[in-house]
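Asker: As annotated in TrEMBL:
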type	residues	note
BINDING	Thr65, Pro66, Ala67, Gly68, Glu69, Gly70, Lys71, Ser72	ATP binding site
Amino acid sequence: MKTDIEISQEAALDPIAKVAEQLNLSEDDLELHGKYKAKIDVSAMNKIHQNKEGKLILVTSINPTPAGEGKSTITIGLGDALNRIGKKTVIALREPSLGPVMGIKGGATGGGYAQVLPMEDINLHFTGDMHAITTANNALSALLDNHLHQGNELGIDPRRVIWKRVLDLNDRELRHVTVGLGGPINGVPREDGFDITVASEIMAILCLSTDILDLKRRLANIVVAYTYQREPVTVGDLKVEGALALILKEAIKPNLVQTIYHTPAFVHGGPFANIAHGCNSILATQTALHCGDYTVTEAGFGADLGGEKFLDIKVPNLGKSPDLVVIVATIRALKMHGGIVKSELSAENLAALEKGFRNLAKHIANMKKYGLPVVVAINEFISDTQKEIELLKDLCEKEGVKVELASVWEKGPEGGEALAKTVVEIIEEENNRFRSIFSREDDTLQEKIETIVTEIYGGSGVVYSKKAQQQLETFKRYGWDRLPVCMAKTQYSLSDDPEKLGAPEEFTVTIREFVPKIGAGFIVALTGDVMTMPGLPKKPAALNMDVDKNGQAIGLF
Ligand code: ADP
């Protein structure tokens with residue numbers, strides 16, 4: 001069996017200008033980053049946005065397990081398969097963060113014969129967007145600390161600075177740090193900390209902005225600290241939104257790459273779905289929508305996290321809802337939800353599959369609450385038995401949902417044809433009947449959280465820590481109490497406890513703390529012990545990585 005990187009290195013890429021021709025874009029519309037990557041020029045984007053808007057397919061999944069689900073693999077494979085059956089299709093994906101790339105085995109460029117290329121570049125520094133975001137974030141930290149050092153005209157309380165520094169790596173040592181030590185000439189001492197870049201509010205802003213002016217407006221709204229009088233201090237108060245937008249002027253442009261089968265793919269922006277909103281940039285999705293008849297995009301982690309945030313946070317900003325949702329499930333992962341340990345997943349186990357199916361059934365029901373047509377894609381693994389596949393199909397049909405086996409990992413576009421045909425059939429038959437799960441857009445934060453916990457997670461209620469309760473009171477005073485909510489929750493369970501697999505019931509979710517992200521336009525609700533700076537595992541993926549004398553990557557998945 002070939003590894004992902006071996007398959008990717010055998011693929012013959014087209015020059016990116018040729019890929020762009022499929023989108024009616026000329027080389028003048030591109031800003032080339034080498035031969036196989038390009039950014040889309042702003043004037044080209046304006047031109048593209050005059051085109052008719054195509055259909056949008058959202059790929060999401062069951063709660064992930066260590067068995068792997070293959071959401072990106074199916075997203076890419078479905079895009080290739082739609083092109084194979086003659087539908088002009090574009091893919092829109094998130095760009096990977098180096099933190100998980102170096103840490104946990106598995107990149108974000110798909111797998112097997114469903115990959116976006118060049119996978120080494122995309123998984124490493126790509127076109128430099130992550131670095132630009134890191135720099136903009138840390139420039140803000142430096143400018144804020146300089147403000148404190150140079151007389152603190154705004155009266156910022158150094159104990160109430162909430163803006164943290166970031167790094168695009170998993171580095172637990174930096175979660176809590178003290179800065180400004182060494183006496184008066186070295187700044188004002190205060191406690192600080194590092195988050196991973198993909199948790200930066202600037203990443204969320206970049207992904208939600210509709211153009212550079214919207215980006216600048218959102219940057220100005222970021223709350224960085226509070227004064228001694230407990231009033232919020234914004235980037236606008238520091239007067240540095242222009243400088244930050246300038247640092248990001250290239251990063252805001254969508255990146256174009258291709259799949260193994262030359263399907264155009266925009267890979268742009270990558271907030272995590274457990275701590276942020278988990279979707280690629282609005283600009284990438286919009287550009288894709290106006291370039292093709294079909295756009296296939298994905299949201300991070302399961303339908304309870306990335307899926308929910310796509311529908312509740314991204315859709316209102318995008319101004320377009322999906323025409324169909326594909327939920328990816330694997331028989332292996334469902335057996336884990338049914339109580340089987342990883343080492344025993346290769347053996348047939350119909351009882352465990354049926355038990356674990358409850359997780360998938362809950363996600364199907366949830367997506368239907370938004371009025372969206374759903375198709376289940378079974379990402380086929382070699383260990384799946386015929387009986388297991390039949391049982392899973394039966395169970396899905398009993399839930400009244402269409403289901404297709406997808407073998408794109410092993411067979412490429414051909415293995416996704418059945419899924420592609422079903423998806424097209426349903427989209428052509430059904431009208432988009434999207435509806436929000438909230439009673440009103442301006443429901444209070446508590447009302448929105450209650451709806452998400454009871455309707456989507458299947459919980460019985462919400463518990464607020466004392467700190468969270470106090471914050472809710474203060475937020476009312478600041479006028480933030482009716483903003484959208486971005487839940488920060490474990491990806492492994494529908495509940496806030498990663499151990500509760502399947503479809504848990506009768507649980508409450510505890511809101512530990514709120515983090516205002518006023519620039520992004522939402523309030524993050526932290527549950528459980530979700531980390532905004534991950535650590536590395538005992539055997540990080542970095543141990544397998546190398547480079548040969550020709551500069552060729554080795555062991556990158
Ligand atoms: P997700 O998007 O759910 O995180 P990916 O699509 O990135 O998952 O896939 C994660 C890993 O699993 C990749 O290394 C990929 O090669 C592998 N994988 C995906 N689908 C299959 C499959 N059907 N059989 C074997 N390995 C697979």
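Using N, Cα and C of the backbone, Cβ positions are placed for all residues, glycine too.
Nobody curates TrEMBL annotations by hand; they come from automatic prediction.
Keep in mind it's a predicted model, so treat the numbers as computed, not measured.
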Asker: Is Gly70 (ATP binding site) helix, strand or coil when read with DSSP?
Answerer: coil
Asker: Write out the long-range same-chain contacts of Gly70 (ATP binding site), meaning residues 6 or more apart in sequence whose Cβ is under 8 Å from its Cβ.
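Answerer: Spatial neighbours, sequence-distant, of Gly70 (ATP binding site): Gly111, Val328, Thr330, Asn379, Trp409.
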Asker: Could you tell me which of the binding-site residues Thr65, Pro66, Ala67 have their C-beta within a distance under 6 angstroms of some atom of ligand 1?
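Answerer: With ligand 1 as the reference and 6 Å as the Cβ limit, the list is empty: none.
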Asker: Please determine which of the binding-site residues listed here (Gly68, Lys71, Ser72) has the lowest count of neighbouring CB atoms within 10 Å.
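Answerer: With the binding-site residues Gly68, Lys71, Ser72, fewest surrounding Cβ atoms within 10 Å: Gly68.
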Asker: Counting across all protein chains present, how many other Cβ atoms fall within 10 Å of the Cβ of Pro66 (ATP binding site)?
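Answerer: Other Cβ atoms within 10 Å of Pro66 (ATP binding site): 12.
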Asker: Relative to the Cβ position of Ala67 (ATP binding site), how many further Cβ atoms are located within 10 Å?
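Answerer: So the number of other Cβ atoms within 10 Å of Ala67 (ATP binding site) is 17.
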